[in-house]
Amino acid sequence: MSSIKSLTTRQQEVFDLIKRHIESTGMPPTRVEISKELGFRSPNAAEEHLKALARKGVIEIVSGVSRGIRLLTDIEEPENEGLPLIGRVAAGEPILAEQHIEATYQVDANMFKPQADFLLKVYGQSMKDIGILDGDLLAVHSTKDIRNGQIVVARIEDEVTVKRFERKGSVVYLHAENEEFEPIVVDLTQQPYFEIEGIAVGIIRNNAWM
């Protein structure tokens, strides 16, 4: 068995879910059950995390079996594994898939409330009026529980944007905090791929968190 490597926050959640499911039911969960429990868009997202866990040597995937997951080791949650910096993301893929992680910053996720799950580099001046500036690293808490008025990280196709969230019925408005920018309007009945990845919980600027 390969040596254990530190897990990302999301990978730890998947591992813990598998362990709990085995302890409570005597069998591992299916990809569909993992997706439903952790709020993934599809079982394919769960599969990507399972493959990452297998590469890190903490589970074994048995091919051709819906519950073909076997734990290879028990692990403790790391005290401070750092936060992944997310780069360009392809539509339909999990934002925390390994191929999207450009670097890892040794920042304690618990410095932010709620806890941060990843970092996203800010490009442009669309949010400058509330102090989110070009080049900042935005700390993001992964959640689908969004309220109007919150600063969110949204994905439209393969574009990731940081804006203030407002929803009216089936229409979402993503507002800039700069009068030079018009809001982005998303009709949920027409847009084939739109997803909220999380909420902003802090900013890192010049190695200082804010």
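Just so you know, glycine gets a Cβ as well, placed from its N, Cα and C.
Pulled from Swiss-Prot, these are the features on record:
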- 31-51: DNA-binding region (DNA_BIND)
Item to check | Confidence summary (mean pLDDT) of the DNA-binding region (31-51) | outcome: 89
Next on the checklist: DSSP-wise, what's the residue breakdown of the DNA-binding region (31-51) into helix, strand and coil?
Outcome noted: 17 helix, 0 strand, 4 coil
